[in-house]
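S.K.: Below is one structure. I have some questions about it.
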Amino acid sequence: MSRLNINFLGKELKNNVITSSGCFGFGEEYSNYFDVNELGAVNLKGITLNKKDGNKGTRIAETPSGMINCIGLENPGIEYFKDNIIKNIKYSTPIILNINGATIDEYVKVAEIANEIERVDFVELNISCPNVKNGGMAFGASCESAESTTKAVKKVLSKKPLIVKLSPNVTDIASIAKAVEDAGADSVSLVNTFLSMKIDTKTRKPLLGNIFGGLSGACIRPIAVRMVYQVYKAVKIPIVGMGGITNYNDALEFILAGASLVSIGAGIFSNPILPIEVINGIDNYLKENNISNIKDIIGAAHL
């Protein structure tokens, strides 16, 4: 058995390195850079019930050690995805489908369709979306809304393990993680992007078309690692850790803090083969330190 093999929610993965939703398209786009089958899993671009064109205006802004994006969940919708895209995916790597909604009813409808797509191995529930029936507050902004959304989706998701992606824009992320665990989540992934903005000093206006966007990149990593550490102490379900990973050592920090899987996001944009470098780096680390399997160091930083 490989040092990197890991059983995640009943599925055997060849390693614990995956890609983040929104940074890897549907996977095929990166096949010219490396063999996607080398990844532990692929997390696909976020899907909604109906097609979304995304936000107008500028969508991406560079910032020191990171980037701000407000793509607006541009995607073809779950039905088109089911009937066209998923059928044409050639790689055999396990797939995580990231689902989104503007209401709990929308989440449930997307989950019902995802539940019947055989090629999808896991569903990731993105609760950072704004709840249009609750003044735009994100579904993951409180324990109550996070729990009710998770419970509703879990009820119809009978064939797939449920990962809940947590927002970092909260006061106590550990309490929210515990709430979604109690609601039936099989795993939590964290962190999503941090709410931020950039102002164009020439026009004296917000640079992004949506005014606010999500900050990602190396600048958020220390905060993300801290949050993974806190959540690991609060829940018993496995954690997918992410936020600013640019090399294998960054990934190891998340693993030592308590992440079973690590997810590579914005770092791919500047280094398309980063996931493979991280896989090889972790493997060498385990070999050099005589560690038989990656699971032996998950959460090892806890005293």
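Cβ coordinates come from backbone N, Cα and C, glycine included.
Bear in mind that the values here come from a model prediction, so they are computed numbers and not experimental data.
Feature annotation from Swiss-Prot assigns FMN binding site to S21, K45, G46, N98, N126, K165, V191, G217, G243, G244. The annotation substrate binding site is assigned in Swiss-Prot to K45, N69, C70, I71, G72, L73, N126, N192, T193. Positions annotated as active site, nucleophile by Swiss-Prot: C129.
I'm curious about the neighbourhood of these features; can you describe it?
M.R.: Classification of V191 (FMN binding site) by DSSP places it in coil, neither helical nor stranded.
Of all Cβ atoms in the protein chains displayed, 25 besides its own lie within 10 Å of the Cβ of C70 (substrate binding site).
In the structure as shown, the Cβ atom of C129 (active site, nucleophile) sits within 10 Å of 24 other Cβ atoms.
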S.K.: Between the binding-site residues G46, G72, G243, whose Cβ has more other Cβ atoms within 10 Å than any of the rest?
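M.R.: That would be G243, with the highest Cβ count within 10 Å.
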S.K.: Pop the Cα-Cα gap between C70 (substrate binding site) and N126 (FMN binding site) into the table, whole Å please.
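M.R.: That comes out at 15 Å between the alpha carbons.
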S.K.: Looking only at C-alpha atoms, tell me how far G72 (substrate binding site) is from C129 (active site, nucleophile), rounded to the nearest Å.
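M.R.: Rounded to the nearest whole number, the Cα-Cα distance is 10 Å.
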S.K.: For K45 (substrate binding site), find which of the recorded positions C129, V191, G243 come within 10 Å, Cα to Cα.
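M.R.: Near K45 (substrate binding site), where near means Cα within 10 Å, there are no recorded positions at all.
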